[in-house]
Amino acid sequence: MPTFGRLLTAMVTPMTPDGAVDYQRAGELAKHLVAAGSEGLVVSGTTGESPTLSHEEKLRLFETVVDAVGGQVSVIAGTGSNNTAESIRFSREAARTGVHGLLLVTPYYNKPPQEGLYRHFRAVAEAVDLPCILYNVPSRTSVNMLPATTLRLARDVPNIVGIKECADVGQLADILSGAPEGFRVWSGDDANLLPYLTVGAYGIISVASHVVGPQMRELIDAFLAGDTARAAAWHRRLLPVFRGLFAVTNPILVKAALRLTGFPVGPVRLPLVDATEEQEEALREVLAEAGVL
């Protein structure tokens, strides 16, 4: 099974001024992110505004990004949903686009119990021949997949190869203490990157790497080299950026940050709205203070 890389970016979806998906810009953004140090890209995840993309748009995005960078880095398709049968169908369709793996979010809104989570993920993963990464984000889904459920899936389903985890460090430690060999954990929260690494996480599926990819690469490389003081210094320097990008709902400020740093990707789609002038100015100050502007 592939490792996918330590620094992955949850890619935004570029839009034209009238709100259509800008596929050409998506290919350009993919190349831009790879040049900035990303070892893999997650397409049509939360940051990619997946709830407001049609299946047809998502499939074309997968094809676009695979064509642009699939020969260089891993491309992971966000195909999870709260409908098991639909997630199976869509995951099979996505597999035919040439992606290297799937990201499967915990079912949201219907709030399944732990046994429901187990059966859902097992059914989806066993329906495809691609490696699957689970995605636990309780703040978005209102359900927390417990470590025991994650570990059960890791042991029982060979192509479930890792998890993007957004719970606290204690939950991460519980997962890592019982994980089978080769099972990877990526932080799903930029602000938790260094704490997660110290407990044993493999890397991060990042949002901030849209604008501070090289710096995050420096942080990870310093940690892996045993230079924890340098890694901590990078973490402290980048923490205001991590926090600033999430001052309002993601990906509103990530798209604003890309515009401010000279790589515009268009607006967000309703029901999200673009950053206000005040929000953008506050973000500009954060980016300038961090040396990004």
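The backbone N, Cα and C atoms fix where each Cβ goes, glycine too.
Per Swiss-Prot, the features are as follows:
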type     : residues      : note
ACT_SITE : Tyr135        : active site, proton donor/acceptor
ACT_SITE : Lys164        : active site, schiff-base intermediate with substrate
BINDING  : Thr47, Ile205 : pyruvate binding site
SITE     : Thr46         : site 'Part of a proton relay during catalysis'
SITE     : Tyr109        : site 'Part of a proton relay during catalysis'
The residue listed as 'active site, schiff-base intermediate with substrate' and Thr46 (site 'Part of a proton relay during catalysis'), Cα-Cα, nearest whole angstrom: 12
Proximal residue to the residue listed as 'active site, proton donor/acceptor' among recorded positions Thr47, Lys164, Ile205 (C-alpha distance): Lys164
Same chain, 6+ residues apart, C-beta under 8 Å of the C-beta of Tyr109 (site 'Part of a proton relay during catalysis'), given in sequence order: Asn82, Thr141, Ser142
Alpha-carbon spacing, Thr47 (pyruvate binding site) to the residue listed as 'active site, schiff-base intermediate with substrate', which is rounded to whole Å: 14
Nearest-integer angstrom distance between the alpha carbons (Cα) of Ile205 (pyruvate binding site) and the residue listed as 'active site, schiff-base intermediate with substrate': 7
Cβ neighbours of Lys164 (active site, schiff-base intermediate with substrate) where a neighbour is any other Cβ within 10 Å: 25
